[in-house]
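Student: Below: one structure in structure tokens.
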């Protein structure tokens, strides 16, 4: 049998409605929304002695940070995810949310060794205050941190075990975690700015060096959590209003589940959270993890996440990463080496980063095609230059070869003819050389012999007196073409007169293929473009005619005997 202490007399100004019940058996607590009544427990919650008579543990009905099913342990034992329940209290289906310790210390400011549920119980256990009177234990709030659970604030020394008055409950309820926000603001004001800046710098450097992540700063306007999620999902933090609206709509559609973790009226809570300047907490994180079916990882001055919110279905998608700073602000943690934008939006056959990869492939392909075309053009230019060079070399070789052939023929003619007619042979060879080097484009139509016979016939009476037939056009045409007429032959061929005009001269030239090559060559191959063809032909024609007349006169003198003077 439990012996209760005597009832203390109430102060004169005390409210009778707030007095504890008289000694005796505890009445059953009303089932107001399935709340968990918590008596003055041990060191983990209230600071007094734990009641070891009974304990009931609630369970999370779906994927969430709390573990599935009842927790093992002796009756009345305190766990990280459960609270000891005093005798007579009713345990509802609303479990307590997990609470990682804030950055101030492992158990939070004022937290004892067993205080694993938050940082707001400092001084409460020492005063022996009963926490959570006949109602649900609040989880999160307007400006709460990642997974910090809360208790209601009540005046020290005042509490009820099972049936507290509704008026006092409404006064003690307040916002869902307003006390933590006030405590966080007080801690921020007490911290040294230099220390805070150094801690932030270390946090960013550690994430970048170890994980390769980059902390992307979000605007500090109360919507930092939704801005961070919008940056992860849409790639634009200005989409935070859309993310907030979808999140609140999802909470309303699943109000039967999420209302178990809110101390105040759920509709009032949702209406307040729809404001763009209202902070988000881990209830919204859990909703967004289920809504986008992506885990939500929270980093707080550590390279490993302090809390992870899972969706309903497991997949291999990249998680939504956010960082928690100074217990009041969220930023987006971006992995620059892996695209996550668009994941979770329900787009069919969507592959993160596929558009960028496709654009990169197209750009590389276009660049390669342009480079190949440029190289082909350069090769064509080089081939054209090579061909032009080869043609120039071939023309030069052909010209030098032809001139050398002419010189060889002239030497052979001098050797065969002897000293009898050196002047005629040299003149004929020189005229042939000049005619060959003049660079005529049409050998068959522009013969110097034809032009001389047609335009300027000189001394026709001399030809009549001598009785010598001038060279026929066909013979002159053959002589005008390359090969030179200074080909080797007998002396009778040069003194035969009419027989020489009709004899076939083609047999005198063994290299007939050279003539075809020279006929196809342009005058530029010989470098004679700057010379006047008419002047060259006129000079050659004059020399040839003069030599021909001189030879005729000498032949006539030798044939006719001198007249008899007797």
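Each position is counted from 1, following the chain as shown.
Every residue gets a Cβ built from N, Cα and C, even glycine.
Straight out of Swiss-Prot:
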REGION    1-117  region 'Disordered'
COMPBIAS  11-30  compositional bias 'Pro residues'
COMPBIAS  32-47  compositional bias 'Gly residues'
COMPBIAS  63-75  compositional bias 'Pro residues'
MOD_RES   64  phosphoserine
COMPBIAS  84-97  compositional bias 'Low complexity'
COMPBIAS  105-115  compositional bias 'Gly residues'
REGION    146-175  region 'Disordered'
MOD_RES   165  phosphoserine
MOD_RES   175  phosphotyrosine
MOD_RES   177  phosphoserine
DOMAIN    213-336  domain 'OTU'
REGION    218-224  region 'Cys-loop'
ACT_SITE  221  active site
MOD_RES   323  phosphoserine
REGION    324-329  region 'His-loop'
ACT_SITE  329  active site
MOD_RES   332  phosphoserine
MOD_RES   370  phosphoserine
REGION    413-497  region 'Disordered'
COMPBIAS  425-438  compositional bias 'Low complexity'
COMPBIAS  445-457  compositional bias 'Low complexity'
MOD_RES   447  phosphoserine
MOD_RES   503  phosphoserine
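So that I understand the layout, could you describe where these features sit and how close they are to other parts?
Tutor: Residues 231, 237, 240-241, 244, 276-280, 329-332 of the same chain lie 6+ residues outside the region 'Cys-loop' (218-224) yet bring a C-beta within less than 8 angstroms of a C-beta in it.
Annotation note: residue 221 (active site) sits in a coil segment as assigned by DSSP. Of all Cβ atoms in the shown protein chains, 11 besides its own fall within 10 Å of the Cβ of residue 221 (active site).
Other Cβ atoms within 10 Å of the Cβ of residue 323 (phosphoserine), summed over all protein chains shown, number 27.
Across the region 'His-loop' (324-329), the model assigns an average pLDDT of 90.
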Student: Tally every other Cβ atom lying within 10 Å of the Cβ atom of residue 370 (phosphoserine).
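Tutor: By my count, 10.
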Student: Nearest by CA distance to residue 221 (active site): which of the recorded positions is it, out of 329, 332, 370?
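Tutor: Minimum Cα distance from residue 221 (active site) across 329, 332, 370 lands on 329.
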Student: Quick one: pull the CA-CA distance for residue 323 (phosphoserine) versus residue 332 (phosphoserine), whole Å only.
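Tutor: If we compare the Cα positions of residue 323 (phosphoserine) and residue 332 (phosphoserine), the gap is 6 Å.
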Student: In the region 'His-loop' (324-329), how many residues does DSSP put in helix, strand and coil?
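Tutor: Counts, helix then strand then coil: 0 helix, 3 strand, 3 coil.
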Student: Measuring CB to CB from residue 329 (active site), give everything in the same chain under 8 Å that is also at least six residues away in sequence.
Tutor: 218, 220, 224
Student: Would you mind reading off the Cα separation of residue 332 (phosphoserine) from residue 370 (phosphoserine), to the nearest angstrom?
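Tutor: Per the Cα atoms, residue 332 (phosphoserine) and residue 370 (phosphoserine) stand 41 Å apart.
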